[in-house]
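Undergrad: One structure is given below, represented as structure tokens, and several questions about it will come after.
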Amino acid sequence: MKNMLLMSGSKYKDTAYLVHTLPWLAQFLADYKGKKVAFVPYAGVRRSFDEYETAVKNALQSLELEIVSVHRGKQHRDIIEQADVIAIGGGNTFCLLKQMYEHDLLDAIRAKVNSGTPYFGWSAGANVAGSSIMTTNDMPITYPPSFNALNLFPHQINPHFISGKMQGHNGESREERLEEFLIVNPQSLVYAMPEGTALHIQGEQATVLGAQDILCFSEKMQLDTKAVNSTFNY
């Protein structure tokens, strides 16, 4: 059974890096102390893979996990196949997906997660768990072979969702950008995840975690609000 924790971001309000995720992760990984976590650092454009691995190790130290970045393997895919848990960090989603294709990780991750290996990811790492990365907020600074992602959660995800416009901002709001996507892709569902929220996926059900509701947009921007602590079939 699929077991995934998809988190909107690595910070919430003024919390330190990944601190707000620790209670969720402690429960999610309660049976995995001492186990090997394959970490995918490809989204971290402004820091090296070594630096990203160290940052995540330090932030999650209390969970007593063996975190190993995939770049440590002769073949990156080897680390995925040896892992007890898979984690994908945030950053630029286009860079992330491009390198996942280059290192042939998509099928390996998909197979592991579908067979029960826990998966957690934040921001871009949540994005790529969905059907495609077409509702990311990131600039397309590089071009993956396809926008198609892992499709473990068979819908679109928009992390870091903020409703409306900031004063003085004359560009499109997030709702307007998602409306554009749904005009072109009217059969899709988009799960907009505000800061400090997460989806816990168990099999074919999802539970909303955090301090805010998650919004599900469909054709013509019809809204289905998923309340905090609610569980629904997706």
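Heads up, the Cβ atoms here are built off N, Cα and C, so glycines get one too.
These numbers come from a predicted model, not from an experiment.
Okay, these came from Swiss-Prot:
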- S123: active site, charge relay system (ACT_SITE)
- D138: active site, charge relay system (ACT_SITE)
- H160: active site, charge relay system (ACT_SITE)
Undergrad: How big is the Cα-to-Cα gap, in Å, between S123 (active site, charge relay system) and D138 (active site, charge relay system)?
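TA: About 10 Å separate the Cα atoms of these two residues.
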Undergrad: Cα distance, H160 (active site, charge relay system) to D138 (active site, charge relay system), nearest Å?
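TA: Here the two Cα atoms lie 11 Å apart.
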Undergrad: For H160 (active site, charge relay system), write down the residues of its own chain that are at least 6 apart in sequence and whose Cβ falls under 8 Å from its Cβ; none is a fine answer.
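TA: Counting only residues 6 or more apart in sequence, the Cβ neighbours of H160 (active site, charge relay system) under 8 Å are S8, G9, S123, N137, M193, P194, E195.
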Undergrad: Could you tally the C-beta atoms, other than its own, that fall within 10 angstroms of the C-beta of S123 (active site, charge relay system)?
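TA: Result for S123 (active site, charge relay system): 28 neighbouring Cβ atoms inside 10 Å.
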Undergrad: How many other Cβ atoms sit within 10 Å of the Cβ of D138 (active site, charge relay system)?
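TA: The Cβ of D138 (active site, charge relay system) has 20 Cβ neighbours within 10 Å.
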